[in-house]
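Report on the following structure.
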Amino acid sequence: MSVTKSTEGPQGAVAIKLDLMSPPESAKKLENKDSTFLDESPSESAGLKKTKGITVFQALIHLVKGNMGTGILGLPLAVKNAGILMGPLSLLVMGFIACHCMHILVKCAQRFCKRLNKPFMDYGDTVMHGLEANPNAWLQNHAHWGRHIVSFFLIITQLGFCCVYIVFLADNLKQVVEAVNSTTNNCYSNETVILTPTMDSRLYMLSFLPFLVLLVLIRNLRILTIFSMLANISMLVSLVIIIQYITQEIPDPSRLPLVASWKTYPLFFGTAIFSFESIGVVLPLENKMKNARHFPAILSLGMSIVTSLYIGMAALGYLRFGDDIKASISLNLPNCWLYQSVKLLYIAGILCTYALQFYVPAEIIIPFAISRVSTRWALPLDLSIRLVMVCLTCLLAILIPRLDLVISLVGSVSGTALALIIPPLLEVTTFYSEGMSPLTIFKDALISILGFVGFVVGTYQALDELLKSEDSHPFSNSTTFVR
């Protein structure tokens, strides 16, 4: 089963309705397992060229869009944790490695599609067939666990995104509401204002829960693309306004450390990996292209654009605000109506994007669950699982209300596995029997070791910071936590 973020356009979308009485979309997929591939034949996809599909430009836009979320707003704080020189350089290196690992995944998937005469292969299937191709008998016998491991990390990653979104929504809405009485029309000075205390940020998280429940009950991916389009527009406008502001009156950079303490670097690593975690969208995009032979070039171009945007936003944001930078750069904007509207636009965009991120774990878990019950219980079970999952993300966000640490934790735990650890190992298992140079094996081992070290150290550091903050401020709001 292909599981990914939406890459379809809104064409042909019907009126928005919950459609709770029809069978779940996942149930229909179980009844017709070949429906995913529409009318394509294996011979058509073997040539990597289709009569229908997205163009090169559309694939580029979708790839860039898949990397734009809350992660980019947290990168200035990440650079603070690494240093004004070390941070951008590390982002450049990590962007190159992440792009290389995406190329590895595409190369391995194309090899198995050609070898097995299949039209499409998702991340989990590619890893499973990679283990089957390995000469080790034990790995061959347990190859199906490769797909399960990928599915597990995809679930953790996407639900982690959802938790980050809830914390982001609460932090930004809380700041807007508290500053509403002192908001001015003067956008040229970022004066310190006395905020009017309101309810705890955790209550803001709960206030979003009914809207999130309604969104996740929309099970038609084509309808969700409407929300995707609205989210893209609102976030694009917000990013343009933010970049316009931070490029004004940049202070002297010499006051900032070139290299920060090594103790905070793991937090940078987790946040950076979180931002580059779009490897799950790569194979579905490649499959949807009219001519997939162009995809490697599109992947390189798209990730170059994304890396440049990340470095620019991260460096300029840290230069502009220095040690006062917060977990999301939107929280540093002046207290005028223009920049308050930026927060509201981003809130609307993230709220719409939540359903698309939620779609991925839902389409992994729900088909597995409803395949074990009768047809009459398929719909109630589908809706119940969605309700439990969205409540779980809200509960986790309430338990861990620090936006910067949630981002770093999600990136360290699951982002490193999907983006850095698994792809190099997959290349070894796929091509080892065909002969690989020692240099390639060394390169793959080095990347996987780097990912594993980042996984262990980044997770430990994020949890340690979280426990320290809870001990110091057990009942504080999340905005108080932001340094």
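The backbone N, Cα and C atoms fix where each Cβ goes, glycine too.
From a predicted model like this one, the values you see are computed outputs, not experimental measurements.
Sequence annotations record features per position, and here Swiss-Prot assigns topological domain 'Cytoplasmic' to 1-58, 103-148, 219-222, 286-296, 371-379, 426-437 based on sequence analysis. For 26-46, the entry in Swiss-Prot reads region 'Disordered'. As annotated by Swiss-Prot, compositional bias 'Basic and acidic residues' applies to 26-36. What Swiss-Prot records for 59-79, 82-102, 149-169, 198-218, 223-243, 265-285, 297-317, 350-370, 380-400, 405-425, 438-458 is transmembrane segment. The topological domain 'Extracellular' annotation in Swiss-Prot covers 170-197, 244-264, 318-349, 401-404, 459-483 and rests on sequence analysis.
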Of 59-79, 265-285, 297-317, 380-400, whichever stretch has the most CB pairs under 8 A to the transmembrane segment (438-458) = 265-285
Helix, strand and coil residues within the topological domain 'Extracellular' (318-349) as assigned by DSSP = 24 helix, 1 strand, 7 coil
Would you kindly check 59-79, 82-102, 297-317, 380-400, 405-425 and say which stretch has the most C-beta pairs under 8 angstroms to the transmembrane segment (149-169)?
-> 405-425
For the transmembrane segment (350-370), name the stretch out of 59-79, 198-218, 265-285 with the most CB-CB pairs under 8 Å.
-> 198-218
Ranking 198-218, 223-243, 265-285, 297-317 by Cβ pairs under 8 Å to the transmembrane segment (405-425), which is first?
-> 265-285
Model confidence over the topological domain 'Extracellular' (318-349), averaged pLDDT = 89
Candidates 223-243, 265-285, 297-317, 380-400; stretch with most C-beta pairs under 8 Å toward the transmembrane segment (82-102) = 297-317
